[in-house]
Structures are given as C-alpha cells and as structure tokens.
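Asks: As annotated in TrEMBL:
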{"type": "TRANSMEM", "residues": "B:21-42", "note": "transmembrane segment"}
{"type": "DOMAIN", "residues": "B:21-236", "note": "domain 'MacB-like periplasmic core'"}
{"type": "TRANSMEM", "residues": "B:264-295", "note": "transmembrane segment"}
{"type": "DOMAIN", "residues": "B:274-387", "note": "domain 'ABC3 transporter permease C-terminal'"}
{"type": "TRANSMEM", "residues": "B:316-345", "note": "transmembrane segment"}
{"type": "TRANSMEM", "residues": "B:357-377", "note": "transmembrane segment"}
Amino acid sequence: MTAAIVATGISRTYDLDGVSVPALRGVSLTIEPGDYLAIVGTSGSGKSTLMHLLGGLDRPTGGTLLIGGRDVAGLTPGEMAKLRNETIGFVFQSFHLLARTTARDNVALPLVYRGIGRRERRARATEMLDRVGLSHRVDHRPNQMSGGEQQRVAIARALVTDPSVLLADEPTGNLDSATGQSVLALLESLNAEGVAVVLVTHDREVAARAHRQIVMKDGVIVPDPSSAAVAQ
Amino acid sequence: MRVAEAWRVALDALRANRLRSVLTMLGVVIGVAAVVALVGIGTGTKGQIEQQVEGLGSNLLLVVPGRLEAGSAPAASTMTIDDVEAVARVVGDRDRVAATIASGETLRAGSRSAFASMQGVLENTPTVFVRKLDRGSYLTRTDVTTGRRVAVLGAGTATALFGDRDPIGRQITIGGVRFRVIGTFERLGQSLGVDRDSEVHVPVTAAQRLLGTDRIDGLAIRAPDRERINQLSTAVVDTLTERHPDSDFSAVTQEQILGVLGDILGVLTGVLAAIAGISLLVGGVGVSNIMLVSVRERTKEIGLRKAVGARPRDIGVQFLLEAVLLTTIGGVLGMALGVTAALLVDALSPVPAAITWWSLALAFGVSAIVGIIFGVVPAQRAGRLDPVVALRTE
Ligand SMILES: Nc1ncnc2c1ncn2[C@@H]1O[C@H](COP(=O)(O)OP(=O)(O)OP(=O)(O)O)[C@@H](O)[C@H]1O
Ligand SMILES: [Mg+2]
C-alpha cells in the first residue's frame with residue numbers, strides 16, 4: 001500500500017507585517033495506512049502548523065507534500081477541499097461543532113459536501129454515532145452534551161467519510177483525565193480497525209501509547225526523543 | 001444536495017437572528033413598497049387622464065390663441081364669433097365647430113350659492129364634446145342667437161344650489177344676472193382632485209354680454225375623420241392668421257395632449273420611482289453590512305465547514321443565498337405593503353392607483369438582484385477565508 005501522506009522537507013513561514021516567522025523549517029514525515037503517531041513538543045514548536053499542512057488545510061511554503069498521492073502544490077482551493085473531504089478526518093481541541101445543530105446533523109456535515117442525499121447522510125451519521133457510543137444522543141445539540149460527548153460527536157464526524165487518516169490536535173486538551181482516557185481509547189480502537197491516527201499531545205504518557213512518537217522543537221523534528229528530553 | 005443544504009443553512013441563519021433579519025429586511029421592504037405604490041399611483045393617474053381625454057371623443061382639434069411652446073406666455077384671445085363662422089366654412093359643417101368663453105362665477109339660487117366655471121358655448125357643444133344630459137334640455141340655436149339667459153348646470157352645481165329638488169325651470173343668478181335653468185348634466189366625477197361637475201353652460205352671447213366682451217377663448221373642432229385632422233389643423237390656423245395677422249394661433253389634437261400629459265406623468269413617475277429606488281439601494285447597503293457581520297460571526301463555522309470539505313464556492317453560495325433570501329422575503333413583504341398602500345390611496349383619496357403585474361415582477365426581480373449585488377462581496381469574502389485562520393478565530 002502507498003503512504004497516506006508524504007512530507008519531504010516541508011516548511012511554513014508566516015508573514016507577520018513584513019516580518020517572516022518560520023513556524024516550520026524542513027520537516028520530513030511519512031504517514032502509512034494504519035499508523036498511530038504521536039507528536040509532542042513545547043508550545044509554539046509548530047505542531048498545529050504541521051497538522052494543518054498534513055491535513056491539507058494549509059499549504060507548505062517550501063518542500064513537497066503528497067496527500068493521498070497528490071501533490072498539494074498544484075491543487076486549487078476547491079480541489080484541496082475535495083481532498084480533505086475524501087482522505088482526512090479532523091478532530092480539534094475545541095470540538096468545533098455547529099451550535100443549534102443536532103449531533104446527527106453535525107456528524108452528517110462532511111457528507112453534504114460529498115453530495116450525498118439527506119436520507120443516506122442521516123443513516124450513516126446515526127451509524128457513526130452508534131459506533132462512538134452515542135446512539136442515545138442523536139438529537140441532542142452541542143449545548144445539551146458533555147465535553148466528552150461533544151468530542152465523540154466530533155470524532156464520529158471525522159470518521160463518517162471513511163478517511164484514511166485521522167488528525168487529532170490535542171483532542172483531550174479540554175477534557176478531564178477520565179473522559180480524555182475514554183476518548184483516547186476510542187481513537188485507539190479506530191486505529192485498530194485500520195485508520196491511521198496522528199495525535200498531538202502534551203502528555204508524555206499518552207504519547208507513549210502511540211506506535212511512533214516525534215518531538216518538535218522550533219519548527220523541526222528533534223532526531224531522537226531521549227536527546228530532546230535532555231535538551232529540555 | 002449542496003444547494004439544498006445551502007438553502008437550509010441560509011434559512012436557519014435568518015431564523016437564528018430573527019430580529020436582526022427583520023430589521024435588515026425593513027430597508028428593502030420600504031424601498032420595494034415605495035416603488036410599487038408610487039408606480040401604481042403614477043400608472044393609475046395616467047390611465048385616468050387618458051380615459052378622460054379620450055372621453056372628450058375622438059378626432060378632436062382644440063384651437064387656442066398664442067403659441068403652444070415651452071416658455072411662451074398664454075396670449076389674450078382676439079377671436080370672435082365671426083371667426084367661428086369662418087372656421088365652420090373651412091370645416092364645411094357648422095355643427096362640428098364649438099366655441100367657448102369661460103369665467104369663474106358665483107351662482108345663487110335663493111339663499112344658496114356656489115362657485116362654478118361658467119362656459120359660454122354654442123348649441124352644438126354636447127356633440128363636439130361628448131356630454132350627456134341628466135334632466136331637461138340643452139341650449140338651442142335660438143338661445144344662442146338671441147342671447148337668451150338660460151343655463152345648463154353641472155351635476156355638482158345643481159346639487160349645491162338645489163339639493164334634491166328638481167332645478168328645471170327655476171331661477172338662478174350668475175354674477176348677479178338672472179338665468180333660468182333648463183337642464184342638468186350627468187355626473188362626471190373628479191379629475192386630479194378637481195371637481196368636473198362644478199360648471200354651468202350658457203349661450204356664448206349671454207356670457208359675452210355678462211362679461212362685457214365680444215371675444216371667445218377658443219374653438220374645438222370635431223374632424224370628420226382621422227386622416228384629415230392634420231390638414232384641417234393647418235387650414236384652420238391659416239384662416240385665423242389671415243383674419244388676425246398680428247396674432248398667433250395653435251391647434252392641438254387629442255393625441256398631442258395625451259402625449260404631453262403622458263410625458264409629464266412618465267417623468268414624474270420615473271422621478272418618484274427613482275427616489276424610491278434609492279431607498280431600495282440604501283436597503284441593499286444594509287443587507288451588505290449585515291452579511292459582513294454575519295460572515296465575521298460565523299468565521300469559525302466557515303473554517304469548520306471548509307475543514308470537512310466545503311469548497312470556497314459552497315460557502316459563497318450559502319452566504320449569497322442568505323442575502324438573496326433576505327432581500328426577496330423583504331421584496332415580497334414590500335410588494336404586499338406597496339399594493340395595500342396603493343389600494344388604500346385609491347379607495348380613500350381622489351388619487352387613483354392601478355397595480356400592474358409588470359411592476360410587481362420588476363419589484364421582485366430588483367429585490368433579488370439587490371440581494372445578489374449586495375451579497376456578492378460578503379459571500380466572496382466568506383468563500384475566500386483561509387480555513388486555518390478561520391478555525392483559529394475566537
Ligand atoms: N497565522 C500566523 N501568523 C504568524 N505566526 C503564526 C501564525 N500561526 C502560528 N504562528 C506561529 O507559528 C509558531 C507555531 O505555532 P503552532 O500553533 O504550530 O504551535 P503549536 O506547537 O501548535 O503550539 P501549542 O502547543 O501552543 O498549540 C508559533 O510561534 C506561532 O506564533
Ligand atoms: Mg497547537
């Protein structure tokens with residue numbers, strides 16, 4: 001099988017009022033199908049920037065990035081959107097659910113942009129909610145659910161399009177540790193079913209559960225985790 | 001599917017901010033209502049005037065002293081009864097040439113009095129201008145030649161002087177001179193708020209004696225056929241000019257009067273509609289403004305939608321639909337309000353109003369276009385938002 005995402009020496013420099021801020025300086029990384037990768041690093045080290053690039057939400061200013069075998073450099077914003085819809089699922093620290101919208105319709109949202117009919121959308125969304133253990137919260141709105149439930153809805157939404165990679169940027173950051181553990185367990189069970197999971201976390205214990213770990217510092221990957229720990 | 005979702009989301013967004021949506025719509029509502037009502041009143045007034053001018057009968061030629069040109073002062077008449085005879089010879093039929101001298105006079109009958117337009121006329125007036133009698137009879141040839149003091153009252157004047165009593169055979173005074181009522185006209189109604197029934201017809205000779213003059217104000221000719229009307233017009237003006245070398249005369253046809261009135265009303269309606277259109281424009285700016293606020297408020301939502309696969313176009317269409325929905329709902333409400341206003345004006349005031357389908361279709365079309373024009377910038381802005389920046393917005 002081909003790699004889901006291949007990043008080769010990618011960099012991302014922000015332009016802040018004429019001053020260029022290098023957030024990422026040459027990162028090479030390959031995500032294989034079924035991978036379970038944890039990204040750790042200090043605040044501001046470029047983890048979120050990297051996640052946005054890996055998920056096709058943003059484009060590198062240098063290097064090459066292949067998502068699902070396609071070089072993002074040549075894609076229009078519309079094509080990027082299609083690529084995200086088909087290959088990537090995002091889970092954010094702050095859930096990002098639509099308010100005033102039921103769990104089921106939140107989960108069904110990505111299918112809207114895939115052009116799938118309402119009936120099938122609802123059926124698949126209900127199925128996904130069942131899979132994350134929320135079949136009793138189908139018609140609840142975000143403000144009627146706990147944080148852990150909301151994050152499960154977000155995970156169901158990320159999965160509904162059957163993506164090959166799930167990108168989760170601090171998915172447990174807004175949850176208490178017990179709830180966080182159950183969300184992690186859910187992600188791991190999905191990984192066991194074959195979805196590649198990339199997880200950003202500040203928690204070393206959480207990171208240790210992944211199959212692979214990378215440590216970021218000042219926009220680059222620190223070669224060896226133990227040496228990074230020494231550097232800190 | 002995507003469009004259906006866009007509709008649903010747009011409707012939902014409007015519903016979520018109900019008060020704001022209504023207030024934003026208000027500008028469009030007022031603009032569209034004003035356009036519909038004003039165009040309705042303009043159309044109605046134009047229709048009424050056309051009807052009245054046409055009611056004078058067809059192939060009518062009016063001859064007045066002076067030049068009918070913009071800026072020229074109305075000229076004093078030099079025409080006399082003899083000119084009527086000369087013109088009648090040109091036309092070839094005495095019954096087709098009517099003459100008038102008019103003056104505002106106070107009429108009295110017993111203790112009652114009324115102000116009316118006194119028209120000194122020939123006996124042929126009811127055939128030249130189509131006028132129907134309600135009671136009694138009209139002036140006769142003999143009445144005119146002998147200057148008999150008899151009068152035919154307009155319906156309004158008859159009511160003002162005699163109430164429900166039959167005025168035929170009774171005495172009145174016009175400008176202090178005694179006349180006997182021999183007939184009354186059928187009611188005509190109002191025109192542009194002017195009562196057309198406040199008049200009294202008397203023999204032109206009697207009127208001239210009353211006013212101490214031998215002049216007449218103007219002539220009216222009913223041409224035998226439409227083809228000859230222009231030729232006749234020239235011949236009549238030539239004859240009159242020959243008889244009065246120092247004076248100018250003008251002849252106008254019904255079509256010319258209609259044309260001029262139509263132009264004036266058209267310009268008036270246009271100006272009113274343009275003013276109303278400006279308020280529609282202001283409404284559109286309000287929509288634009290609120291849409292920009294809406295985009296800003298929902299930046300995070302836009303980012304999320306993009307993250308899960310919405311293309312710039314999907315987001316753009318969603319916001320454009322929201323703007324168009326705002327203005328078209330406003331447009332429909334405005335049409336209802338405008339039609340109601342026009343009908344109320346029509347019913348409660350002498351100003352007539354006519355609602356035309358094209359003005360409604362136009363109002364709806366314009367409100368949709370206003371939505372597109374003023375929605376496109378916010379929609380583009382939403383569509384082009386960088387998803388990362390949008391998601392990071394607080
Ligand atoms: N839009 C931007 N414009 C300018 N600089 C930016 C922008 N976004 C991020 N940065 C900078 O890029 C660097 C990396 O940011 P990033 O969000 O990737 O860090 P992070 O590792 O995710 O941090 P945290 O653990 O706090 O989430 C930071 O120095 C940040 O200030
Ligand atoms: Mg981050």
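Any Cβ shown, glycine's included, is placed from N, Cα and C.
What TrEMBL says about a protein is an automatic prediction, not a curated fact.
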Asks: What stretch in B:264-295, B:316-345, B:357-377 has the biggest tally of Cβ pairs under 8 Å against the transmembrane segment (B:21-42)?
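Replies: Looking at each of B:264-295, B:316-345, B:357-377 in turn, the most contacts to the transmembrane segment (B:21-42) are made by B:316-345.
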Asks: Looking only at the domain 'MacB-like periplasmic core' (B:21-236), report the model's average pLDDT.
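Replies: Mean per-residue confidence for the domain 'MacB-like periplasmic core' (B:21-236): 87 out of 100.
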Asks: Can you tell me how the residues of the domain 'ABC3 transporter permease C-terminal' (B:274-387) break down into helix, strand and coil by DSSP?
Replies: 99 helix, 0 strand, 15 coil
